[in-house]
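Sharing a structure with you now.
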Amino acid sequence: MVILGVNVDHIATVRQARKTFEPDPVMAATLAILGGADGITIHLREDRRHIQDRDLKILREVVPCELNLEMAATEEMINIALNIKPDMVTIVPEKRQELTTEGGLNVIELKDSLKEAIKKIKDAGIPVSLFINPERNDIECSKDIGADMVEIHTGYYSESRGDVQLKELERIKDAVAYSISLGLKTNAGHGLNYYNVKSIAAIKGLRGLYIGHSIIARAVLVGIEKAVREMKNLIKEACINA
């Protein structure tokens, strides 16, 4: 069964809009787990635009399932990861001007610095995933530099429609199959929602899906537990019928 990691960054986005204490992403994470989330994901950005260091520290103490820390491969973030020891680290590209992560890592161009970062994190006993585009060259390079996992970027699939979306789906299927053949645990995420998730969840061998915005957006209307439960049910249906 494909696991569901729920990203609670957008809870923190609402809080930081007023620089106040609520809503609390820690409380949101607890409710997400009650709704069936298999893990919690947060992205601690260099500019601290949403998740704060305090959130990461408390989540590490209270989350009983997988805590996935998304981060850039900077010295500051590596040191934080080594100190907090999340259950896994996902290295992502990061630009100050972007609203959200816009694409996968340029693994080939950054392979030397990524290899060094991966080694430091893995030496502390923390598995490392790389957020990459559905390209075989990036998958091969991820394997070569020591990644334990990859997360296939589904943003282009999520943003497209019709024949273009079907083409993107085939790219993702090929990437997942190739990644698994190389021995990498393989996840997917970015832009997935209640209308497009089933085709991705049905891909054979996929380990997990990491979803944030669509779940939090629905949670505003129906509550976090129900929003997570509805997404979890869609994933289960897709896996059963695959």
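Note that Cβ sites are derived from N, Cα and C of the backbone, with glycine treated the same way.
Keep in mind it's a predicted model, so treat the numbers as computed, not measured.
Sequence annotations record features per position, and here Swiss-Prot assigns 3-amino-2-oxopropyl phosphate binding site to N7, R18, G191, G212, H213. Under the heading 1-deoxy-D-xylulose 5-phosphate binding site, Swiss-Prot lists D9, H10, R45, H50, T100. Look at Swiss-Prot and you will find H43, E70 tagged as active site, proton acceptor. Feature annotation from Swiss-Prot assigns site 'Transition state stabilizer' to E151. According to Swiss-Prot, the active site, proton donor annotation covers H190.
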Restricting to the record's 3-amino-2-oxopropyl phosphate-binding residues (N7, R18, G191, G212, H213), give me the longest CA-CA distance in Å as a whole number.
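26 Å is the greatest Cα spacing among the residues binding 3-amino-2-oxopropyl phosphate.
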So if I measure Cβ to Cβ from H10 (1-deoxy-D-xylulose 5-phosphate binding site) and keep only same-chain residues at least 6 apart in sequence, which ones fall under 8 Å?
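When sequence neighbours closer than 6 are ignored, H10 (1-deoxy-D-xylulose 5-phosphate binding site) has H50, G212, H213, I216, A217 within Cβ distance under 8 Å.
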With the cut-off set at 10 Å between Cβ atoms, which of these recorded positions ends up with the most neighbours? Options: R18, H43, R45, H190, H213.
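Highest number of other Cβ atoms within 10 Å: H190.
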When neighbour density is defined as the number of other C-beta atoms within 10 angstroms of a residue's C-beta, which of the recorded positions E70, G212 has the lowest density?
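Among the recorded positions E70, G212, the sparsest Cβ neighbourhood within 10 Å belongs to G212.
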By Cβ count within 10 Å, point out the most packed of the recorded positions listed: D9, E151.
E151
Fill in the CA-CA distance, G191 (3-amino-2-oxopropyl phosphate binding site) to D9 (1-deoxy-D-xylulose 5-phosphate binding site), as an integer in Å.
14
Are there residues of the same chain, six or more positions away from N7 (3-amino-2-oxopropyl phosphate binding site), whose CB falls under 8 angstroms from its CB, and which are they?
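Sequence-distant Cβ neighbours: I40, T41, I42, H43, E70, Y210, I211, G212, H213, I215, I216.
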What count of other C-beta atoms do you get within 10 angstroms of the C-beta of H50 (1-deoxy-D-xylulose 5-phosphate binding site), across all chains shown?
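Taking all protein chains shown, H50 (1-deoxy-D-xylulose 5-phosphate binding site) has 21 Cβ neighbours within 10 Å.
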I'd like to confirm something. Which of the recorded positions, D9, R18, R45, H190, has a Cα closest to the Cα of E151 (site 'Transition state stabilizer')?
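Out of the listed candidates, the nearest Cα belongs to H190.
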Measuring Cα to Cα, tell me the gap between D9 (1-deoxy-D-xylulose 5-phosphate binding site) and R18 (3-amino-2-oxopropyl phosphate binding site) in whole angstrom.
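Distance between the two Cα atoms comes out at 15 Å.
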By the DSSP assignment reduced to helix, strand and coil, which category contains H10 (1-deoxy-D-xylulose 5-phosphate binding site)?
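Its secondary structure by DSSP: helix.
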For G191 (3-amino-2-oxopropyl phosphate binding site), what is the tally of other C-beta atoms lying within 10 angstroms of its C-beta?
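The answer is 18.
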Return one of helix, strand or coil for H213 (3-amino-2-oxopropyl phosphate binding site), based on DSSP.
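For H213 (3-amino-2-oxopropyl phosphate binding site) - judged by DSSP and reduced to three states - the answer is helix.
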